[in-house]
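As given in TrEMBL:
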{"type": "COILED", "residues": "315-529", "note": "coiled coil"}
{"type": "DOMAIN", "residues": "6-41", "note": "domain 'EF-hand'"}
{"type": "DOMAIN", "residues": "209-305", "note": "domain 'PH'"}
Amino acid sequence: MALRDELLKSIWHAFTALDVDKSGKVSKSQLKVLSHNLCTVMKIPHDPVALEEHFKDDDEGPVSNQGYMPYLNKFILDKVKDNFDRQDFNKMCWTLCSRKNLEQSQLLISNDDAFKIWCIFNFLSEDRYPLNIVTEEIEYFLRKLTEAMGGSWVEERFEDYKLQLDSRQQCLNAWELITVVGSGHFSKGMDRQTLSMGINEVYQELILDVLKQGYMMKKGHKRKNWTERWFRLKLNSISYYVGEDLAEKKGNIFLDGNCTVEPLQDKEGKKCLFLIRSSLKTFEISASDKKKKQEWIQAIQTCVTLLRQGRPAPHREARQKRRELRLRQQAEQEELELRMRELQTANEAKQLELENMRKALEEAAANAAEEEKRRLQTQTELQDRYRMDLEREKMVRQQMEEQVAQKSTELEQYLQRVRELEDMYRQLEDALDDEKRARQDEEAVRKLQARLLEEEAMKRAELEQIHLRQQRAISETEAEKQELERERLAKESALHAAMTQLEHLEQERQGALEQYQTVIKKLEDATNNTKTWKHKVAEHEGLLRLIQPGSKGQKLITNWGPAAFSDAELSLREKKWQEMKNQATQAQ
């Protein structure tokens with residue numbers, strides 16, 4: 001059952017309780033309070049303006065359930081998430097409806113037990129409004145309750161009650177079910193405490209999804225000591241507490257499809273041991289006896305199997321199967337009734353035809369008797385005169401008798417056909433039974449084929465994903481390979497250009513070096529020549545002095561001419577030439 005359907009059942013009880021005069025309408029002020037309480041309990045932000053906008057055209061009069069449903073779906077149920085306390089939500093709706101419908105003084109159960117029965121009714125009731133629970137679900141609940149109380153189921157008592165129920169309506173509403181259980185009709189010989197414990201156990205299984213609970217010993221993870229704990233098994237977890245009052249919770253064992261449970265040999269003075277391996281930790285448990293050990297192992301393995309297959313809790317799955325079976329039986333019953341009506345119509349038509357034939361025979365017989373009477377009277381009066389007519393009348397009578405015999409034969413044939421129709425009807429019932437069993441077998445085979453097709457589709461989807469990832473990886477590898485090839489070619493081209501440029505620079509450097517050596521040689525020759533001429537000038541100094549008129553002072557003139565330069569100037573020019581050469585080398 002979807003979350004929305006579960007919530008709608010409780011909300012329907014609350015809305016119906018606000019409808020005091022049972023007109024199907026509730027005032028807007030009451031709906032505001034109901035909407036605010038629903039949003040508060042389900043942890044949804046409340047928007048009172050939206051309610052005003054939704055019913056802005058109906059400010060004075062009451063609001064019907066059909067008018068409130070669009071607002072409830074859009075502004076509340078569409079926003080709800082499974083993050084609130086279901087029990088608080090149910091108790092809020094129960095508080096609104098129990099004050100109006102529950103007579104606590106006439107019951108043997110407490111208000112809390114009545115609330116639990118109300119929740120069980122919502123779980124087992126049909127998805128049709130007004131809510132009712134059918135006879136099959138009533139029997140299922142009462143059997144569960146009797147088993148939880150440790151009693152034995154009395155089939156005759158329920159059959160008598162079912163006869164009374166069938167004579168009225170074949171179903172019960174929530175308050176009638178609470179009255180049936182609270183009156184003690186099906187718990188004779190049980191005290192109130194036993195009845196309350198039985199209701200609580202059924203409530204925990206059907207509503208809180210507690211599949212098994214009880215005391216067992218658990219080995220600690222740190223101190224390795226054994227401690228008694230109260231364990232509660234649900235579909236996806238095992239919670240353990242200090243006591244069965246659930247006052248102090250000590251931890252959880254989370255279950256999934258990969259969990260395993262296996263029996264262990266007796267050790268450390270502990271017997272009836274078994275091991276639970278979860279994804280986080282491993283737990284060693286000791287049951288009180290071998291029977292409980294096997295029951296716990298079987299229950300945990302069932303939960304792991306259901307989780308692995310993605311199926312709901314056993315009682316929820318069983319309820320869904322019962323509903324589907326009822327729907328199939330109802331459809332088959334309607335089809336059978338349709339065929340019965342068709343056969344009945346055909347039978348009535350045949351009966352009408354036979355009745356018309358019988359009436360025609362009676363009329364023919366009456367006409368024949370009247371004609372015989374007239375004929376006898378005429379024969380008495382005109383016996384001699386109409387002897388020939390008497391012979392003719394005998395012939396006519398004989399023909400009429402033959403027609404009557406023929407009609408009787410046809411009547412027998414029609415009766416034979418009616419008997420054949422009855423035989424065909426019985427054969428049709430047998431064929432329908434065979435067809436029903438064949439459909440059940442076909443449904444089982446179809447479910448198996450659907451499950452196999454679903455698994456094959458999942459495998460195909462996984463293979464498609466792996467193939468797509470491989471294609472993507474190949475494409476990425478090919479792109480990277482092409483990029484690396486382009487980079488390698490670019491680097492080879494750059495390296496070739498650099499080598500060419502290096503060779504060119506090497507040739508230029510060799511030419512510059514040869515030029516430098518030539519200049520050095522010329523410089524050395526010039527230096528030697530300069531030293532020779534200086535020596536000659538020193539030897540012949542003073543032999544020739546030129547006197548220029550008008551000069552203010554002596555001016556040293558050598559025989560080298562105006563283009564000659566001294567050693568200091570030569571060193572300076574050599575230094576500048578060396579600097580220029582170094583700059584050129586660096587630039588290359």
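Cβ atoms here come from the backbone N, Cα and C positions, even for glycine.
Any TrEMBL annotation is an automated prediction that lacks curation.
Remote same-chain partners of the domain 'EF-hand' (6-41), defined as residues 6 or more beyond its termini with a Cβ less than 8 Å from a stretch Cβ, comprise 48, 51, 55, 58-59, 61-65, 68, 71-72, 75-77, 80, 84-85, 88-90, 92-94, 96-97, 99-101, 118, 122-123, 125, 129-131, 174. In terms of DSSP secondary structure, the domain 'PH' (209-305) contains 16 helix, 43 strand, 38 coil. Each residue of the domain 'EF-hand' (6-41) gets a DSSP state, and the totals for helix, strand and coil are 27 helix, 2 strand, 7 coil.
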